[in-house]
């Protein structure tokens, strides 16, 4: 049995992170994430950094909005990154860590190879470090950046983020593979997968709804258009008009480069 290493008692500084790297629907969505994350950071609460870094949340918000204004793909990327972080060991920022010579990290698991925006999270963390070195955890930066990125379009926070997460020091590719839901799983498998995280069917529906932000790659669902049962057929549960549109975008089963909006 491998030794269990507990999360760090204090947040990582940006320099340490760099070193380690080198070695309403949405509302409940994040509330659920927060519940998962409590096991890694004690009790989360409002204004956790009120005394130690009073402007932390505003710094993160401004830095996030600056990046989102230049890259509209970031909201969906940050939300997905946050989700993938929380489903492995809780919301502890372990998805941000790079593999080392002796360990393959979560980031290198197949479901995480398409995650993007790590460099932007580093930039946002660096802005906080300028004002409050070694105070704000990377896990909280990611949680707040996800909220602020998705909220940018509406110019108001769409959900409340409690803070006080601790940064984890353990990140294993095997745990990401074992815990992250597969886009090919059926309902029964997903219910079991979510139950393993202490989540119920209601949570499953809400979190799935949260995924309608961003884009979907054709190869993740083209079998439902062209070979649903292995006989060259279409999934009968798909809306026929929508399926016809998708076929104009995803031309065949082997298309692994084209993507379409998750929410038409």
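Any Cβ shown, glycine's included, is placed from N, Cα and C.
According to TrEMBL, the feature Ca(2+) 1 binding site maps to 85, 88, 90, 92, 94, 106. What TrEMBL records for 181 is substrate binding site. Annotation source TrEMBL lists heme b binding site at 211. Residues or ranges marked as Ca(2+) 2 binding site in TrEMBL: 212, 263. The disulfide bond annotation in TrEMBL covers 53-132, 86-91, 218-250. The annotation domain 'Plant heme peroxidase family profile' is assigned in TrEMBL to 43-264. Look at TrEMBL and you will find 80 tagged as site 'Transition state stabilizer'.
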Binding-site residues near residue 86 (disulfide bond) (Cα-Cα within 10 Å), from 92, 94, 181: 92, 94
Of 94, 181, 211, i.e. the binding-site residues, those within 10 Å of residue 80 (site 'Transition state stabilizer') when Cα atoms are compared: 211
CB within-chain contacts under 8 A for residue 132 (disulfide bond), separation at least 6: 49, 52, 53, 56
Under 8 Å by Cβ from residue 212 (Ca(2+) 2 binding site), counting only residues of that chain that are 6 or more apart: 262, 263
Between the residue listed as 'substrate binding site' and residue 94 (Ca(2+) 1 binding site): CA-CA distance (Å): 17
Inter-residue C-alpha distance, residue 106 (Ca(2+) 1 binding site) and residue 218 (disulfide bond) (nearest angstrom): 24
Cα distance (Å, whole number) from residue 181 (substrate binding site) to the residue listed as 'heme b binding site': 12
Entries of 85, 181, 218, 250 which, being recorded positions, have CA atoms within 10 angstroms of residue 91 (disulfide bond): 85
The residue listed as 'substrate binding site' versus residue 250 (disulfide bond) - Cα distance in angstrom: 23
Cβ neighbour count within 10 Å of residue 86 (disulfide bond): 30
Stretch-averaged pLDDT - the domain 'Plant heme peroxidase family profile' (43-264): 95
